[in-house]
Amino acid sequence: MAENGAGGGGGQNLAVLDALDSARTQMYHMKAIVIAGMGFFTDAYDLFCITTVSKLLGRLYYPDSNADIGKPGTMPVRINNMVTGVALVGTLMGQLVFGYFGDKLGRKRVYGITLVLMAVCAIGSGLSFGSSASAVIGTLCFFRFWLGFGIGGDYPLSATIMSEYANKKTRGAFIAAVFAMQGVGIIFAGLVSMIVSAIFLHYNPAPAWDAHHGRTADGQMDQWPGADYMWRVVLMLGAFPAVATFYWRMKMPETARYTALIEGNAKQATNDMQKVLEIRIDEEQEKLSKFRAANEYSLLSMEFARRHGLHLIGTTTTWFLLDIAFYSQNLTQKDIFPAINLTGPPGTMSALKEVFVISRAMFLIALFGTFPGYWVTVALIDKMGRYLIQLLGFFMMSLFMLVMGIKYEYLKDHGHALFAILYALTFFFANFGPNSTTFVLPAELFPTRVRSTCHAISAASGKAGAIVAAFGVQTLTLKGDPKHMKQALILLSVTNMFGFFFTFLVPETMGRSLEEISGEDGNVAGAAAGHVDKDVEKAPPSSTEWQPPSSMN
């Protein structure tokens, strides 16, 4: 084994943490990305597959809703919002609960619970049976709430674990790569729905809805029960990646930062990291005690408010504003697709044909618009920095949505190709922009003791924005009325511009250790003297206090 020279007792940071920060990229980094990333793949699949089947649910369980105006599949507004939004409510609550326990009990101890909950509830969602429409939809909403609860736990835990495992040179790319699996999950949500609907459509052909309002000569609904089985299969398939990942997630060791800085066990942290880094690291138990003594302040303390209060405001507001726009885009795709000519009028298709067409459109937008943005972020985040990417993304999203809103009627009637390009570019800059960076920054800015909780608060703020999208913005877009679609797009443009300005509250974190960013290494000297140094002048100002972003290089 090689000797670790960095931080071997003489530097500010602990040797085990210096070893993590300076470690070359190794197989254990790749395994951590895959294990954490598969959770996000499952999260995205489970959250967004409902978009592909929600109109089918409307045709099956609310066949007379809006059928008189030639728009079959449009559920009552309240029901539609519940079906698409209840998982987001569960996600918000799960983020706060699992984020808190991730700090109190350890990242690993609660990490596996999220996967079990997701797998069980994905299967339960597909088994939502009942004797009436309200019973089926009510059961579906129950399971999707708890599905969202498990998904919520994955946000703070995956981000925190990856940030605490990564080296400082490529930490941004590693965290962003975990989050980029969301893009793969969205692609598979469209692809799986497309394949399953095509199979059921092959064995259950039916004429367009306009031919006889979706019913056979004896009054039976077209494509029943095949269409009813189809949406259940799509939802239940979300359990497979969660089950497949569970074993490997349970084999991951607790992060060295949690073991050392929170549990105070330098020996265990050193042993865990020596196994994966293949170097010898000094335990430094005495130095660890002084290090911990200098960083005992809680989330609700004045010390936290002084050091990180503006950071937390910045991460929560930007994520909230981003998710209003991002989830509005994703949840209302089925309403936008006809306007950009990716799908036809619903009356010209059977129920399963409409699912196939919506899924194909979602797959194409995700593949060419959503997916590339995530991986461009992975490639550039440790070169451009989080701050610049977030500013650029918010600005470009605002610009494209403003153009689509102002020119909506022209684009809808005469500029289908341009409309599709603008819509795809909006997705690209959401992901090569704030959708990725708002996930990365809270995992880096805050101290180990409250890192999971602060990420959870930031993520929950984002899900509050998603709920605004599901229950507010979606109400405007549900029936595809041009006036309301135009209003929604302009509103989202303004929302993104607010996100641009709130980005100025967060500093750049690129290239620095987590302890330097959070200020955890700034009071070691004071603690060694027997007290915690409260003098702001003696703590590294770039780490512990908000500074203008221009100084964060």
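The backbone N, Cα and C atoms fix where each Cβ goes, glycine too.
Note that the structure is a prediction, hence the values are computed from the model and not measured.
Pulled from TrEMBL:
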COMPBIAS  541-553  compositional bias 'Polar residues'
DOMAIN    32-511  domain 'Major facilitator superfamily (MFS) profile'
REGION    524-553  region 'Disordered'
TRANSMEM  32-57  transmembrane segment
TRANSMEM  77-98  transmembrane segment
TRANSMEM  110-129  transmembrane segment
TRANSMEM  135-153  transmembrane segment
TRANSMEM  174-201  transmembrane segment
TRANSMEM  229-248  transmembrane segment
TRANSMEM  361-381  transmembrane segment
TRANSMEM  387-406  transmembrane segment
TRANSMEM  418-436  transmembrane segment
TRANSMEM  456-476  transmembrane segment
TRANSMEM  488-506  transmembrane segment
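Tertiary proximity for the transmembrane segment (135-153) is limited to same-chain residues at least six positions away from its ends with a CB under 8 Å from its CB atoms, namely 42-43, 46-47, 50, 57, 61, 79, 82-83, 86-99, 110, 113-118, 121-122, 124-125, 128-129, 459-460, 463.
By number of Cβ pairs under 8 Å, the transmembrane segment (229-248) is matched best by 32-57 from the list 32-57, 361-381, 456-476, 488-506.
Of the candidate ranges 32-57, 77-98, 110-129, 77-98 contributes the most Cβ pairs within a distance under 8 Å of the transmembrane segment (456-476). The predicted model assigns the domain 'Major facilitator superfamily (MFS) profile' (32-511) a mean pLDDT of 85.
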